[in-house]
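What TrEMBL says about this one:
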type     : residues : note
TRANSMEM : 7-25     : transmembrane segment
TRANSMEM : 31-55    : transmembrane segment
DOMAIN   : 48-299   : domain 'G-protein coupled receptors family 1 profile'
TRANSMEM : 67-89    : transmembrane segment
TRANSMEM : 109-127  : transmembrane segment
TRANSMEM : 148-170  : transmembrane segment
TRANSMEM : 208-232  : transmembrane segment
TRANSMEM : 252-275  : transmembrane segment
Amino acid sequence: MYFLRTVLNVSNIIIHPPGFYIIGFETFPFISVYFIFLSFVYVVTVLANCLVIYVICFNRSLHTPKLLAVVNLAVIDVILNTCTIPSMIKIFLVKDNFIPFNLCLLQMYVYYAFISLESYALAILAYDRLIAICFPLRHNSINTMQSMSWIVGVTWFFGLGVTLFTTSLMSRLSFCNSVRVFSYFCDYAPVFRLACNDYSMQWASVSFLTILILAVPFTFILLSYVSILATVFMMKSLDSRVKALATCVEHIILVAVFYIPILTIFCVGFYLGLIDPDQRVLSLSLASCIPPCVNPLIYSLKTREIKIRVLALVRRNTIGTQPTNPPKTILLGLIKHSTK
């Protein structure tokens with residue numbers, strides 16, 4: 001094996017297999033129950049987030065900086081779960097766990113690109129809370145639609161660009177031994193560890209990517225809430241403090257649901273290797289799939305403006321589906337007229 005690696009490094013021969021086999025759930029008990037659960041998670045993700053997108057996009061009164069950040073999160077949630085859950089369900093239903101090489105790289109790119117965008121979307125929502133609470137008098141002049149559009153656009157450009165660079169490095173690796181990926185999708189680290197040439201550059205890039213997509217936004221969120229707490233405790237009225245903190249509760253829950261499992265799995269499981277591989281695959285799949293499902297339920301659909309529009313939409317559809325009976329007064333008039 002050492003000789004083979006030397007030959008590959010000297011001659012610069014790159015060997016790409018036809019594809020890989022995803023084997024993360026082969027030894028997992030009660031797999032059918034888990035995939036039924038994932039199907040439910042995916043349906044809720046698509047329906048809830050599409051409802052949020054529809055309500056915001058088709059109501060001009062909801063075209064505000066905060067709700068632009070909310071619809072940005074909803075779009076990311078739909079794409080993130082669409083990237084992984086359908087392919088996982090396909091493996092279970094069709095019993096075909098093979099994925100072509102180029103499609104594997106595409107799935108890897110989309111997953112990590114939108115995980116990074118998810119992380120930055122939560123940081124954008126923290127920025128919105130920071131401006132609203134710490135600079136209430138200048139909120140409308142600082143946090144405008146134009147500035148929020150620029151922030152969202154920059155995060156998309158940065159997330160897609162950095163992930164494209166790190167994913168393209170995979171094409172420099174040769175795979176001449178095993179093509180069995182122990183994960184639930186074409187995961188970056190489990191794939192490059194199958195290479196038979198040096199993958200130190202890929203290891204360095206994934207470590208750097210982890211810092212960019214997780215540590216940087218999470219640090220910004222923590223600093224934002226330190227500033228928010230400092231501002232809140234300077235308020236004289238207890239009622240004002242409670243109202244200010246109440247607007248942050250749902251966002252704090254989103255941050256905890258997304259970052260705590262992901263950071264634990266990456267730091268403890270990936271770098272320290274202290275988590276059982278089966279548990280790592282299950283934990284990472286849950287940590288990736290659950291946040292896009294619960295985000296609209298915990299945060300987006302509880303936003304006052306969106307809740308009002310959704311309830312109005314439900315009432316309108318409910319009234320529209322009722323039989324078109326004449327009002328009670330008209331019925332009474334007709335009855336009196338017929339008795340004469």
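Note that Cβ sites are derived from N, Cα and C of the backbone, with glycine treated the same way.
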Cβ contacts under 8 Å made by the transmembrane segment (148-170) with residues that lie 6+ beyond its boundaries: 65, 68-69, 72, 105, 108-109, 112-114, 116-117, 120-121, 124, 127-128, 188, 191-192, 201-202, 205-206, 208-209, 212-213
Local confidence of the domain 'G-protein coupled receptors family 1 profile' (48-299) - pLDDT mean: 89
